[in-house]
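Working notes, structure below.
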Amino acid sequence: MKADIHPNYPEVAVTCSCGNKFETRSTFGKALAIDVCNECHPFYTGKQKTLDTGGRVQKFADRFGAFGAKKA
């Protein structure tokens, strides 16, 4: 690595809206406030909802499926 071209990379305190606090390194340089973290995000907590994408796709196909069909 070249000398004197890299930005300052200090440790910063990160605070989540759920109250979880941890430290990481960032070029931002100040304390960070975030909305979600691994302690409160639904994917990590196991409280994830499964969306019914199959039903939504079928509803779209029913409404617009024949839109591009050529008439005989």
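The backbone N, Cα and C atoms fix where each Cβ goes, glycine too.
For CYS16, CYS18, CYS37, CYS40, the entry in Swiss-Prot reads Zn(2+) binding site, with the evidence type sequence analysis.
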- Of these binding-site residues, CYS16, CYS18, CYS37, CYS40, which scores lowest on Cβ atoms within 10 Å? CYS18
- Task: May I have the list of same-chain residues other than CYS16, CYS18, CYS37, CYS40 whose Cβ is within 8 Å of the Cβ centroid of the recorded Zn(2+) site, in sequence order?
- Result: SER17, GLY19, ASN20, ILE34, ASP35, VAL36, ASN38, GLU39, HIS41
